[in-house]
């Protein structure tokens, strides 16, 4: 019994030593940071925490995306966060007016890095049918940088989920930029 245990200990030591050698080779070759970045990107991309900022009728569709029929939890976004400090994706759903633009910017500034913004619906994207009024901001992109536009008036929950998947893909691949959905 003790001899069998001794042989297993020797086997475990050899496995540990070989794993350490692999890690050392990767560190010397500079490959380990890339592997770690990919793992972290995968984990972070599959666990985005949205901050729902529903201002108008698009908020109803945003709430529908959280229901059991569409199940936003499948994409790692379990629930909308009520604090910007706990969120990394802001979903602006609705018309942003001049007074509300200050609030949107303040919430965006309070989010931790990296942070992403989804403009949901025609009103958030370009002012919608109210674009020509005196107090409506002609698109939330004039207040905060927008990463993904979700078109529609109001957009379907599936479109919001597609926009969220675009954000996740940006996180996983390390690409960040302006993505417009048509």
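Glycine is no exception: its Cβ is also placed from the backbone N, Cα and C atoms.
Record features, source Swiss-Prot:
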type    : residues         : note
BINDING : 57, 58, 123, 153 : [4Fe-4S] cluster binding site
Those residues of the chain, 6+ apart, with a Cβ under 8 Å from that of residue 153 ([4Fe-4S] cluster binding site): 121, 122, 123, 128, 129
Non-site residues, in chain order, whose CB comes within 8 A of the mean position of the CB atoms of 57, 58, 123, 153 at [4Fe-4S] cluster: 56, 93, 94, 95, 120, 121, 122, 124, 128, 152, 154, 155
Number of other Cβ atoms within 10 Å of the Cβ of residue 57 ([4Fe-4S] cluster binding site) across all protein chains: 16
Count of other CB atoms lying within 10 Å of the CB belonging to residue 123 ([4Fe-4S] cluster binding site): 27
Neighbourhood of residue 58 ([4Fe-4S] cluster binding site), C-beta criterion under 8 angstroms, separation at least six: 93, 94, 120, 121, 123, 124, 154, 155
